[in-house]
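Colleague: So TrEMBL lists the following for this protein:
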{"type": "REGION", "residues": "1-192", "note": "region 'Phosphopantothenoylcysteine decarboxylase'"}
{"type": "DOMAIN", "residues": "5-176", "note": "domain 'Flavoprotein'"}
{"type": "DOMAIN", "residues": "188-395", "note": "domain 'DNA/pantothenate metabolism flavoprotein C-terminal'"}
{"type": "REGION", "residues": "193-399", "note": "region 'Phosphopantothenate--cysteine ligase'"}
{"type": "BINDING", "residues": "Asp281, Lys291, Phe325, Lys339, Lys343", "note": "CTP binding site"}
Amino acid sequence: MLTGKHVALYVSGGIAAYKAAYLVRELIRQGATVRVVETEGAQAFVTPLTFQTLSKHAVYTDRFAQLVPDQVAHVELADWTEIALVAPATADLIAKIANGIADDFASTALLATTAPKFVAPAMNVHMWQNPATQRNIATLHADGIQVIEPVTGFLAEGYSGKGRFPEPEQIVAAVTANLAATDTSLPLHGQSVLVTAGGTRERLDPVRYLTNDSSGKMGYAIATAARDLGAQVTLISAPTALSVPAGVTYVGVDSAAAMRAALLQRYATAKIVVMAAAVADFRPAAVAENKIKKTATDYTLTLTKNADILAELGQLKQQQFLIGFAAETQNLLTYAQKKLAAKQADMIVANDVSQAQAGFNHDTNEVTILQPDQAPQQLALASKAVIAQQILQIALKQL
Ligand SMILES: Cc1cc2nc3c(=O)[nH]c(=O)nc-3n(C[C@H](O)[C@H](O)[C@H](O)COP(=O)(O)O)c2cc1C
């Protein structure tokens, strides 16, 4: 998403300025060319030499230092910029942007920039909550500037509150998610994609449940890949340890029944539906109101079959391209072929979860793609992010 993009990073004078050094690294890792502007305050925290070394470009600090005689530096930078990112943004710099003040290099160049602007505030919770700051933030929103909200957590002041600078990866993800959502040339622009992820929890009593080994990583990778193709993604997820990808609508569910209800509510308008969740086939026949006590030596648990969501969606199918997953430990292709036909799916992604490096919990996967009337297609071992992109590319060819 950021490959070859010109990113101007504006660093202002907050304690989070040190994290901007990591942000430069992350932007470059994502393929961007980065130039850095520092306010005077920022230079008190991190020297320009740090940013110059990381970005391989002189840092802009002084609005009257015209290093190239035939160029006005702030205008040259403003015209070069494809993405302007203010991170961390102090309350002071936010106030200047909101009010069109141009009294140093950063505020002047920002006023001259027509590129999309992203502002990531970081400050003390009381500075953040101050009505003046909130008024300025509302002005940024009204002016079409994207505000990457600070997070709640431990602040440099020694107490907790909202105002923390998000991690550099989260900031870059928020920028790329916004760019993907607004890029009309992307193949899934404006299309609704539903993705399920994680292992459902089937409750036994108030403190116990039945679940499985699914980590949710494959579903989350698909949600991210669909977002990067411009889709409006809804991720219906059973509990996982993963962070929700930026720009994705999250619907948290626990049981198979709750996942089914969430899917059916959104199915009619979906273009692509990817069932990457490991949905429990059975649930306890009864949920005990209180914790089951260990009175007997044996305990027999009666299970009831859950609804077959994929088959149900297959029957209701209209314009949707329906993708199911088949995780097996034996006879993979035979079971997966049967599933493809029985569920009326458009694609089954089959993976042998008994293999090292593939399936549950791994960061990599190795899968076989089955489609009606087509030869099976093997996708070699790769990260789940790459496998997710490949699955969606194959689906796109059929759409
Ligand atoms: C140690 C220290 C930490 C600061 N941290 C922040 C901060 O996190 N966020 C903020 O908005 N201001 C913070 N300030 C206040 C700004 O540095 C001050 O408002 C300054 O004028 C900002 O200038 P600039 O916006 O041009 O960088 C801090 C000041 C000091 C001395």
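The backbone N, Cα and C atoms fix where each Cβ goes, and this holds for glycine too.
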Colleague: Say we define neighbours as other CB atoms within 10 Å of the CB. Which of the binding-site residues Lys291, Lys339, Lys343 has the fewest?
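Modeller: Comparing Cβ neighbour counts within 10 Å for the binding-site residues Lys291, Lys339, Lys343 gives Lys291.
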Colleague: Hey, does DSSP put Lys339 (CTP binding site) in a helix, a strand, or just coil?
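Modeller: The three-state answer is helix.
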Colleague: Counting only residues 6+ apart in the same chain, whose Cβ is under 8 Å from the Cβ of Phe325 (CTP binding site)?
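Modeller: When sequence neighbours closer than 6 are ignored, Phe325 (CTP binding site) has Met218, Met275, Ala276, Ile348, Val349, Ala350, Asn351 within Cβ distance under 8 Å.
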Colleague: What mean pLDDT score does the domain 'DNA/pantothenate metabolism flavoprotein C-terminal' (188-395) have in the model?
Modeller: 94
Colleague: Who sits close to Asp281 (CTP binding site): which same-chain residues at least 6 apart have their Cβ under 8 Å from its Cβ?
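Modeller: Correct list: Lys305, Asn306.
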